[in-house]
């Protein structure tokens, strides 16, 4: 059962609030497409945010382009996940200052989840240590964000912090447009089609980007997205008081839409209790929102090659658990996937976690989660 079941009343948002004539909307810059979609929804009718990563670039492994730097210099506000997702934006965000940089992962309203190293996940670790600031999350709690009052987001807690996901930063990428994350990953992996079966040990797990103790993929939980729209509305209202009513109405409408989306996806996924394996730990926010059961991860990070012992462990778990579904993503190494699934009757589905195959805009967020749900449902129905 989804923990985001409580629908918001739409009675207060039926009226259309027009933007104030002549009011200039703030210049808002966003990092990734899902964030851009949420900001675009809140700004709808007043302005359109800018998007830094417009192609299929890997958000972890970039360097700031001159055009992006100029865009940020002119920005009234940067809305981004935070340095755990895009470390190359940290310096620019610091230069903007706290008032102009909104790191969504760090907000009090964000339900955070600790990174899971694997290869086999401990399904009790998310809730071991109790509450933070006396506002803890119960396991699969129906209401983790206090969505009934989107203007008051101070009562939410952060989940426990766990061990660091083992990554190391790659800062040596050039300024090429549309740098494909899958090509980046395979550039490191194709020289060894057997992914460390030739005697390499597990130190190769330490070759990717360090997310830190908190999983940054928080946009994959629609409850987080709903909470963020309320914060965005208030921040935009501060920057543009003349359109404050519009932003708040848009946020309230967005929250109702996200509640309906969560109900829709929960109905689609609620009967799918088959376990699966992920390529790397990037989907747990979606898993927790819709009560899905990932057993473990092949790699410890997006661009880290698993060592021989890790591969043995995950293959054993897949064989003993009679698993038939692997959820991959565009960062995955095809050679590692082949090695991990060799000789098994499994379906490998590549999820688009960033909406790179979709047109940027306010509708992208819902389209992206629906596409994920369709892909996961198809994979878990494989027998």
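Heads up, the Cβ atoms here are built off N, Cα and C, so glycines get one too.
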TrEMBL annotation (region 'Disordered') - matching range among 50-69, 70-89, 90-109:
50-69
For the feature coiled coil as recorded in TrEMBL, pick the matching range from 216-243, 244-271, 272-299.
244-271
Per DSSP, what is the helix/strand/coil residue tally across the region 'Disordered' (50-69)?
4 helix, 2 strand, 14 coil
Average the per-residue pLDDT over the coiled coil (244-271) and send me the rounded value.
98
